[in-house]
Amino acid sequence: NNYCKICPKGTHTLCKYGTSMKPNCGGKIVKSYGVTNDEKNEIVKRHNEFRQKVAQGLETRGNPGPQPPAKNMNLLVWNDELAKIAQTWANQCNFGHDQCRNTAKYPVGQNVAIASTTGNSYQTMSYLIKMWEDEVKDYNPHKDLMHNNFSKVGHYTQMVWGKTKEIGCGSVKYIENKWHTHYLVCNYGPAGNYMNQPVYERK
């Protein structure tokens, strides 16, 4: 397993859990796992539409807004390797970030989201991604990332990180204490959220 050699510190998710592609969720009742083709398209479309909106200077929210337009906003494409790593982590039903998810090609960033409902349905991909988009309301474009409150804006900044080119996500839906929970993990390459770099180049 070459993934065991990739990470200088921490254990790679595929090194640690890569032998099984089945959920390992303890007492949680797993209803479904994986990302359908429709969901895959929804994830990529939703990301690219939002990236374009920000790049064109049409995002009015912020602390303060609006967000400045961008000149280097790559269009994201789906990457199956990133998705496999994301799915393997999602399958652990352990909300938070894994230790290492890099590939031989590049370091990899990550967004995670979780939402529960008491009804019989699960929140959609778009609902979870919108939670990341909405963090823009707390982002101050006049300060660098280091001087923003990273815990409040880090999902937004990875979503619109100009140099990121590829995305791959994993998802698991489970029931716990009658709560219908949807857990989404998206991996991004090359990674964003470097404290000493701009989120994107400005026009």
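Glycine residues also receive a Cβ, built from the backbone N, Cα and C atoms like all the rest.
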Looking at Swiss-Prot, which of Cys4, Cys7, Cys15, Cys93 bridges to Cys25 via a disulfide?
Cys93
Pick from Cys15, Cys100: the cysteine that Swiss-Prot pairs with Cys4 in a disulfide bond.
Cys15
For Cys25 (disulfide bond), just count the other CB atoms lying within 10 A of its CB, please.
18
With helix taken as DSSP H, G or I, strand as E or B and everything else coil, how many residues of the domain 'SCP' (45-188) land in each class?
49 helix, 34 strand, 61 coil
Can you check which residue among the disulfide-bonded residues Cys7, Cys15, Cys100, Cys169 has the largest number of Cβ atoms within 10 Å of its own?
Cys169
